[in-house]
Each structure stands twice: as C-alpha cells, then as structure tokens.
C-alpha cells in the first residue's frame with residue numbers, strides 16, 4: 001500500500017524524468033559513477049574536457065577528491081552532523097519492529113553513505129535550513145513507507161520506514177511503459193521500492209544511471225541493498241523534473257516561483273515538496289489526510305531537530321504542477 005502515492009504521480013513526470021545532465025550542480029550535486037570526473041557542464045568522463053578547467057568533483061580521476069569542496073555548513077560532515085545514529089533510531093523508532101516487513105533493512109550507515117553521494121544534501125544554507133531539509137526528506141519518505149495508524153504505539157509518526165516494497169512485492173502489474181531509452185528487462189517488475197517508492201522503468205533507468213547501478217536489469221537491488229535504496233530516494237529528492245523544481249531546491253530556498261507557480265498558488269515551503277511528489281492526487285482540492293500525514297511526520301522531525309517548521313506546510317490550495 002505504501003507505493004501507491006508515488007506510482008500514481010510517476011506518470012506525471014514520465015517524459016521529464018530523463019534529464020540529461022549526470023552530475024554536479026546540474027544534477028543536484030550527484031557524483032559520477034566509477035570515480036569519473038564531473039565537467040563544468042554536468043557530464044561524466046575521464047579526459048581533460050571533464051577533469052580540467054571547471055571540473056566540479058572527483059577531478060583527479062579518483063574518489064579521493066581533487067575537485068572543489070561541495071558547499072558545507074556543518075564542519076564538512078554533512079548529514080551525520082545533523083542526525084546522529086541515536087537520533088536516527090529515535091526518529092524512525094519502530095522501523096525494526098517485528099511487524100515491519102523492512103525490519104533491519106534501513107540502516108543509519110546506509111542513510112549516511114547514500115546522502116554523502118549527493119554532497120549538496122544537508123550542506124546547503126544555514127543550520128536551520130539544513131535541518132529543515134533533513135526533516136522534510138525523512139518526513140516525505142516516512143509517509144511513503146509508514147506502517148503507523150492513528151492509535152499506534154508512540155503515535156502514528158514514529159512508524160516510518162516500515163515497508164520497502166509496494167504491497168510486499170505482491171503486485172500484478174510490471175509497471176513497464178514502452179521506452180527505447182529505458183527498455184524494460186524481461187521478467188522484471190518496476191513497482192515501488194525503497195524510501196521514496198520509486199516506480200516504473202522510466203524512473204528506475206535514470207536513477208540507476210545517476211548512481212552507477214543498472215536498475216533496469218536488477219530493480220530488486222532497491223529492495224536488497226539499503227545504500228542503493230536510499231540513493232534512489234536522494235536522486236529523486238535532488239533532481240529537478242521540469243516544470244517541477246527539485247525538492248532540495250525548495251527546502252533550501254533556491255526555488256523562486258514563476259508567474260505560473262504564483263497563479264497556481266504554489267509558494268515556497270514544505271507544501272510544494274508534497275506537490276512535487278504527489279500533487280496530482282493530493283493537492284488542490286482542500287484538506288487531504290495524506291497531506292496532513294506528511295505534515296505530521298515533518299513537524300515531529302523538526303521538533304526533534306530543534307528547528308521551526310517554516311511557512312506554507314500544506315498544498316491544499318495549490319494546483320498540481322502538471323495540471
């Protein structure tokens with residue numbers, strides 16, 4: 001049941017999810033696979049055109065660095081400077097409950113390793129901005145994977161990350177849409193998996209390309225390798241899909257609404273992130289329990305991080321981006 005929200009919204013960005021740039025500022029701070037250099041234009045390679053002037057990361061041709069240091073506001077230790085291992089366990093209190101199908105899958109080490117592969121995550125802006133971004137990411141993904149209910153022990157918002165597969169993998173559809181660029185592999189299904197419940201071949205393809213894993217051939221990797229699983233969620237979070245900005249840009253104040261956004265009631269704040277993820281289903285028709293659930297997780301995590309919520313938390317009166 002957890003994958004339904006992303007599955008529905010996936011069709012809204014089928015065309016735009018195949019953005020060409022692979023790395024750097026053009027791809028939300030993503031690093032190139034296999035230690036390749038990231039050129040000033042956001043492409044991966046190993047020649048001087050990629051590793052020379054303007055190179056953004058891994059410019060020595062090794063994963064040890066050599067390029068400009070990504071923006072950082074927390075001593076260079078990224079998300080680990082905001083969420084400790086013990087706090088992670090408190091935030092996702094029941095993720096390893098015996099009743100949760102994903103028990104013992106989503107580890108702190110996998111979370112940190114995946115986040116560090118997207119060096120702009122949790123390192124952009126002042127301390128409050130960085131904390132709010134982390135709270136927003138964990139809130140949205142907690143909603144997508146929640147096992148909670150209204151009267152659940154410790155409250156409904158302590159049951160995030162209970163699921164890792166849509167309907168525990170018991171799905172009828174293969175979620176394959178004909179595509180020459182992202183062809184489906186024989187016998188594979190592309191249903192919702194991981195923290196963001198990534199769905200469909202046209203999302204598995206570019207996500208896998210960005211993180212250096214062939215997810216078209218092996219989509220099950222998203223449900224068997226926790227680091228890969230988290231990376232698909234960070235890819236979605238960091239990657240703009242026109243006309244939508246990236247969730248990262250919204251939560252770090254880098255997104256400015258244009259005229260169409262303003263006319264549609266889309267204003268900076270956590271509510272736009274919900275609109276990006278599942279606006280076609282949840283936004284623009286007044287109060288919605290799913291939006292409220294996303295807000296509930298967000299407020300809990302902000303409280304635990306000691307940061308204010310910011311403005312415009314819901315999308316009740318925002319038109320979806322693709323409407």
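Backbone N, Cα and C atoms are what each Cβ position is placed from, and that goes for glycine too.
According to Swiss-Prot, the active site, proton donor annotation covers 144, on the basis of similarity to another entry.
The local packing around residue 38 (disulfide bond), expressed as other Cβ atoms within 10 Å of its Cβ over all shown chains, amounts to 29. In the three-state DSSP classification, residue 38 (disulfide bond) falls within a strand. Look at Swiss-Prot and you will find 23-38 (among others) tagged as disulfide bond.
Residues annotated as disulfide bond in Swiss-Prot: 32-44 (among others). DSSP classifies residue 32 (disulfide bond) as coil under the three-state reduction.
The disulfide bond annotation in Swiss-Prot covers 35-63 (among others) and rests on sequence analysis.
Under the heading disulfide bond, Swiss-Prot lists 37-51 (among others). The Cβ neighbour count for residue 37 (disulfide bond), using a 10 Å radius over every protein chain in view, is 27.
The disulfide bond annotation in Swiss-Prot covers 55-59 (among others).
Spatially close to residue 100 (disulfide bond) yet at least six residues away along the chain are 94, 147, 159, 161, 162, 163, judged by Cβ distances under 8 angstroms. A coil conformation is recorded for residue 100 (disulfide bond) in the three-state DSSP classification, outside any helix or strand. Taken from Swiss-Prot, the feature disulfide bond applies to 100-162 (among others).
Under 8 Å, Cβ to Cβ, and six or more positions away along its own chain, residue 184 (disulfide bond) finds 174, 176, 190, 201, 216. Among the features that Swiss-Prot reports, disulfide bond is placed at 176-184 (among others).
For 283-315 (among others), the entry in Swiss-Prot reads disulfide bond, with the evidence type sequence analysis. Cβ environment of residue 283 (disulfide bond): 271, 274, 275, 291, 315, 316, 318, 319, 320 lie under 8 Å away, each six or more residues apart in the same chain.
Sequence-distant contacts of the domain 'Chitin-binding type-1' (21-61), counting only residues of its own chain at least 6 positions beyond either end whose CB sits under 8 Å from a CB of the stretch, comprise 67-68, 70, 117-121, 209-212, 235, 237-240, 246, 248. Taken from Swiss-Prot, the feature domain 'Chitin-binding type-1' applies to 21-61.
Residues or ranges marked as signal peptide by Swiss-Prot: 1-20.
When the Cα atoms are compared, residue 144 (active site, proton donor) and residue 55 (disulfide bond) turn out to be 36 Å apart. In this model, the domain 'Chitin-binding type-1' (21-61) carries an average pLDDT of 73. The disulfide-bonded residues near residue 23 (disulfide bond), taking a 10 angstroms Cα-Cα threshold over the set 32, 35, 37, 51, 59, are 32, 37.
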